Amino acid sequence: MAEESPKNSAAEIPVTSNGEVGDAHEHGYNRDLKHSLPSGLGLSETQITSHGFDSTKEGVTEAGASQGSSAPPLPCVLSPSRVAASQLTQHAGGQRTHTKGGPVILADEIKNPAMEKLELVRKWSLNTYKCTRQIISEKLGRGSRTVDLELEAQIDILRDNKKKYENILKLAQTLSTQLFQMVHTQKQLGDAFADLSLKSLELHEEFGYNADTQKLLAKNGETLLGAINFFIASVNTLVNKTIEDTLMTVKQYENARIEYDAYRTDLEELNLGPRDANTLPKIEQSQHLFQIHKEKYDKMRSDVSVKLKFLEENKVKVLRNQLALFHSAVAAYFAGNQKQLEQTLKQFHVKLKTPGVDAPSWLEEQ
């Protein structure tokens, strides 16, 4: 059975009477070979011999091999050999593989952002570890910390004042709420007196002037309420925006101080150790990082000093005006001096909201 296989494959190749390969088979294979070759390369430009396929001479016929043939010499013709087909396939596949080598470089480029993020995470973790160690050392009394006595005293005073201002703000809001309820009650009481003055003829005058008194008190109460609300809004802006912004800068300054002390401690520990070829690069790198954080600390300390100075000036200016408004409005209200109360609001440019009237739109304000 094993010997029949070569005979069957050889029997499939048609041969003419003079021993040459049949023209029909030759033209069919040449057409297949043209399809398998790369574009732009003709069959006549390709010279293929039997030595190109591991010395396999199966299916290769040279022109003029048979004696007595008057036909002109034919070029080398390659029969449909499995070895030839496999090598052509490998050659074409190799070219396709070569052209697809580009995306590998792109894949390396895609990895670059991930590596950068990984490096940022590594630096952040190292910095967090150093700062946490510094904080724990300070709380345990083992580590040293840099202290600016004058600046630290100003920061402590600012935080203490902020708590006191918040307490004043809370009490003023309570007073405003209670005054609003009292004004609302006075209005209702004035309306009730006015109604009874119309229905009770014998007590018409008594109910009438009580109604007028309650309405006047309600009107003055609304004026005082406007002054108190203006005072609350101004103090709220000072406490929760201006002072809070300064405290945010103070927080950044404290973080910069912790980082500075952490890298300063590392540099001091390295300087106390031996100096050799292994430790010198570490000392230089630690010195570089220490210098960076020292400059950052100095910059934040300067920013905090400037902000504290401007905050103090702004705070004095705002509170001086608001405290004068609060005092004048309350004194005029309880003295029953309606004219002075109205002048106080005009002096501090306080506008009262008319009940039932919405605020003007931005087009009307133009």
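Backbone N, Cα and C atoms are what each Cβ position is placed from, and that goes for glycine too.
Feature list (source: Swiss-Prot):
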{"type": "COMPBIAS", "residues": "22-35", "note": "compositional bias 'Basic and acidic residues'"}
{"type": "COMPBIAS", "residues": "44-53", "note": "compositional bias 'Polar residues'"}
{"type": "DOMAIN", "residues": "146-346", "note": "domain 'AH'"}
{"type": "MOD_RES", "residues": "Ala2", "note": "N-acetylalanine"}
{"type": "MOD_RES", "residues": "Ser5", "note": "phosphoserine"}
{"type": "MOD_RES", "residues": "Ser36", "note": "phosphoserine"}
{"type": "MOD_RES", "residues": "Ser39", "note": "phosphoserine"}
{"type": "MOD_RES", "residues": "Ser69", "note": "phosphoserine"}
{"type": "MOD_RES", "residues": "Ser79", "note": "phosphoserine"}
{"type": "MOD_RES", "residues": "Ser125", "note": "phosphoserine"}
{"type": "MOD_RES", "residues": "Thr354", "note": "phosphothreonine"}
{"type": "REGION", "residues": "1-78", "note": "region 'Disordered'"}
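Long-range Cβ proximity for Ser125 (phosphoserine), meaning a same-chain Cβ under 8 A and a gap of 6 or more residues, is found for none. Over the domain 'AH' (146-346) the predicted model carries a mean pLDDT of 91.
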